[in-house]
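Novice: Okay, these came from TrEMBL:
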{"type": "TRANSMEM", "residues": "A:6-24", "note": "transmembrane segment"}
{"type": "TRANSMEM", "residues": "A:31-51", "note": "transmembrane segment"}
{"type": "DOMAIN", "residues": "A:71-121", "note": "domain 'NADH-Ubiquinone oxidoreductase (complex I) chain 5 N-terminal'"}
{"type": "TRANSMEM", "residues": "A:87-108", "note": "transmembrane segment"}
{"type": "TRANSMEM", "residues": "A:120-137", "note": "transmembrane segment"}
{"type": "DOMAIN", "residues": "A:139-422", "note": "domain 'NADH:quinone oxidoreductase/Mrp antiporter transmembrane'"}
{"type": "TRANSMEM", "residues": "A:143-162", "note": "transmembrane segment"}
{"type": "TRANSMEM", "residues": "A:183-204", "note": "transmembrane segment"}
{"type": "TRANSMEM", "residues": "A:210-229", "note": "transmembrane segment"}
{"type": "TRANSMEM", "residues": "A:250-268", "note": "transmembrane segment"}
{"type": "TRANSMEM", "residues": "A:280-301", "note": "transmembrane segment"}
{"type": "TRANSMEM", "residues": "A:459-479", "note": "transmembrane segment"}
{"type": "TRANSMEM", "residues": "A:504-527", "note": "transmembrane segment"}
{"type": "TRANSMEM", "residues": "A:611-630", "note": "transmembrane segment"}
Amino acid sequence: MATSTSIVYLIALPLFGAAALLLGGRRTNKWGHLLATSMSAGSFVVGLYQLSLMLDRATEDRAITQKLFTWISVGDFNVDASLLLDQLSICFVLLISGVGTLIHIYSISYMAEDPDRRRFFAYLNLFIAAMLLLVLGDSYLNLYVGWEGVGLASYLLIGFWNKKPAYATASKKAFVMNRVGDMGLSLAIMIAFATLGTTTFAGVSEHAHHASEAAMTAIGIMLLIAAVGKSAQFPLQAWLGDAMAGPTPVSALIHAATMVTAGVYLIVRSNFVFDAAPTAQLLVVIVGAITLLLGAFIGTAKDDIKKALAASTMSQIGYMILGAGLGPAGYAFAIMHLLTHGFFKAGMFLGAGSVMHGMNDEVDMRKFGGLRKFMPITFVTFGLGYLAILGVPPFAGFYSKDLIIETAFDSGGLQGPLLGTITLIGAAITAFYMTRVMILTFTSKARWDEDTHPHESPILMWLPMVILAIGSVSTGYLFTRGDSLENWLSPVFGEHGGHSKEHLIPPLVVSALALLSVSIGVSIAIIKYQRNEIDRIAPANVSIFTRLARRDFGQDAINETLFMRPGQVLTDVLVKSDDKVIDGAVRGIGRMAIGSGAVLRKSQSGFARSYAAFILIGAILMIAGIWVVTQ
Amino acid sequence: MNPYNYLYLAGLLFTIGAIGVVVRRNAIVIFMCVELMLNAANLAFVTFSRINGTLDGQVTAFFTMVVAACEVVVGLAIIVAIYRSRRSASVDDASLLKR
């Protein structure tokens with residue numbers, strides 16, 4: 001494989017930006033955001049340059065590596081800090097740095113009033129660097145560094161306004177739940193090293209065929225746990241809703257477009273593991289299917305616009321995970337949906353941010369309404385993203401989501417129709433809740449607070465939204481024209497790539513079914529919300545299902561009863577036993593010494609005559625003793 | 001004369017001395033009682049020497065006298081010093097060590 005010396009600049013530029021802003025302190029306040037934005041843009045330019053170089057090379061030479069330094073060298077175990085830029089990584093590099101740069105530009109204006117804007121941009125750059133390292137690492141160990149880096153950046157950015165205790169708690173919650181997933185990743189690395197003796201993608205891929213299926217299944221399940229944690233999939237999904245505490249650009253970049261999709265990247269990157277472990281693959285599919293329905297159901301009941309979008313993100317990533325679990329047929333489509341989703345969901349989050357900007361940071365959709373007239377650009381860009389996520393042709397989601405639905409139907413056996421139906425139901429619910437968001441925010445009657453004066457956002461904010469909207473419209477067509485993305489990615493997935501040409505149901509019928517379910521969802525939403533008055537306060541007398549969905553199907557309650565409370569009890573017991581038993585013993589020894597000292601001190605009266613008496617008594621006793629013994 | 005009578009006398013003297021040390025307050029008197037105990041011991045040594053027909057006890061008695069002389073010198077000096085500073089020779093007044 002060819003080597004290169006310029007891949008590292010992709011990571012080095014944003015990393016430098018983060019370091020300069022964090023170390024430079026207040027001095028960089030004036031121009032820090034510009035530096036950070038240009039570093040991110042620089043990374044994007046390097047990415048484009050690398051893409052142009054890659055396009056010039058023949059298909060088999062497209063992947064290149066760069067060794068940075070020898071990281072660990074113990075006996076015959078060597079880990080290099082190396083980067084791998086192949087067809088898969090370049091997609092992610094361009095998505096991360098491209099969308100990242102747009103969101104940097106957006107944030108300049110969005111965060112203009114914030115006294116800590118410099119720190120915000122430092123964290124954003126740190127995130128870009130870590131995320132790029134995640135997708136560029138050539139081994140699980142290098143990926144792990146980036147994996148933890150994005151976790152840190154996510155934690156810092158969710159808790160960016162940590163003066164509010166709830167936000168600080170949200171960031172801690174995200175960090176702790178991610179930790180569960182990270183445990184899976186580190187265990188996967190350990191199992192890979194113990195059974196295969198290597199942690200590089202190339203090495204594991206080479207050994208995957210002749211390693212035992214049990215080992216591959218174990219690695220696969222651990223990788224799935226990692227993906228589930230990072231991508232907020234069932235059963236580790238509870239953190240994503242609360243992660244919306246972070247500033248909206250963060251939600252757009254980290255919790256919609258890039259970081260949460262790292263789990264999909266991990267599974268697709270580990271395609272050789274999952275191809276060798278059907279059980280793990282099946283689990284991936286199950287997790288994806290559950291999450292896509294769960295997220296969609298939660299999305300129907302949320303009144304907080306960001307939480308509705310977060311639930312939607314969870315559901316859409318469910319689609320991707322499902323696609324990635326369908327094996328070689330689905331990998332490329334999972335990535336395609338990931339990329340198109342990156343555009344339309346980031347666009348919609350920025351739109352939500354723009355709405356909040358104009359509405360005094362209100363997030364409750366029940367207090368929006370009629371914003372179409374006041375925020376035309378936001379309405380149009382959000383609307384294009386809306387059409388894209390629904391999967392209306394010719395918008396991006398139509399291509400990517402339909403391909404996943406199609407692949408689900410084609411996955412064979414009983415599984416095929418079942419998964420296909422689930423994805424169709426998911427599409428219908430997606431249409432319902434997204435239409436609800438549109439109606440509540442933009443088209444229904446105004447229900448604002450008295451003192452709000454909605455207005456369109458400045459150009460620095462709407463320009464990124466427009467670019468992302470163009471992406472939401474065009475990417476699907478571009479990626480599928482002549483199966484371009486599928487062919488582009490196929491070298492990464494080995495020999496057996498490409499999707500089968502035999503269909504259970506003809507693609508056209510699948511598209512028609514998908515459109516039918518979407519139109520059902522849209523119609524229900526229009527009947528339910530466009531026609532009726534919408535209460536400013538969420539009605540209380542709703543079905544048990546709505547109540548459950550509002551409370552995220554008790555995900556927090558379950559986590560609390562199953563893990564938090566027992567953990568607290570265990571902690572209490574441990575603290576008490578530490579306090580009473582261990583500390584008690586130590587303190588007891590001290591108290592014993594003090595007590596015996598107090599008793600003995602009484603004999604030390606200071607009177608010479610009492611000492612003399614003691615000596616006398618002692619002497620008499622000794623003599624008596626000797627007399628008794630010798631008698 | 002039965003030499004054991006001397007031992008009884010020595011025991012009597014020692015007891016008087018010991019009781020004197022414990023019950024009296026005046027340092028000088030205590031000191032004299034200590035001397036009494038030493039001399040009782042001396043008497044016992046000499047008596048044993050006589051009973052056993054050896055010189056060991058007599059030699060020890062001389063040592064005791066020397067030690068007693070030294071002790072008197074040091075002890076009286078201390079008593080005088082205490083009396084000068086505290087205007088009292090009572091041993092119960094000199095109980096600063098307990099604090």
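The backbone N, Cα and C atoms fix where each Cβ goes, and this holds for glycine too.
All annotation found in TrEMBL is predicted automatically rather than curated by experts.
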Novice: Which residues, given as numbers and ranges, are at least 6 beyond the ends of the transmembrane segment (A:459-479) yet have a Cβ under 8 Å from it?
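Specialist: Result: 99, 102-103, 105-106, 108-110, 336, 339-340, 343-344, 346-347, 350-351, 353-354, 357, 377-378, 380-382, 384-385, 387-388, 394-400, 485.
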Novice: Do you know the mean pLDDT across the domain 'NADH-Ubiquinone oxidoreductase (complex I) chain 5 N-terminal' (A:71-121)?
Specialist: 88
Novice: For the transmembrane segment (A:120-137) and the transmembrane segment (A:504-527), check the count of CB pairs under 8 Å (sequence separation 6 or more) and say whether it reaches 3 or more.
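Specialist: As far as Cβ distances go (cut-off 8 Å, pairs 6 or more apart), the transmembrane segment (A:120-137) and the transmembrane segment (A:504-527) do not touch.
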Novice: Residue list, the transmembrane segment (A:504-527) vs rest of chain: Cβ under 8 Å, 6 or more residues beyond ends.
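Specialist: Non-local partners: 390-393, 398, 401-402, 405-406, 409-410, 412, 416-417, 420, 424-425, 427-433, 435-436, 439.
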Novice: Would you kindly list the residues that approach the transmembrane segment (A:250-268) from elsewhere in its chain, counting only those six or more residues past its ends and only Cβ-Cβ distances under 8 Å?
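Specialist: Contacts of the transmembrane segment (A:250-268) (Cβ under 8 Å, skipping residues fewer than 6 from its ends): 88, 92, 95-96, 99-100, 103, 106, 124, 127, 131, 134-135, 143, 147, 150, 153-154, 157-158, 160, 181, 185, 223-224, 226-233, 240, 243-244, 274, 284, 306, 309-310, 313, 317, 320-321, 324-325, 331, 334-335, 338, 341-343, 345-346, 349-350, 352-353.
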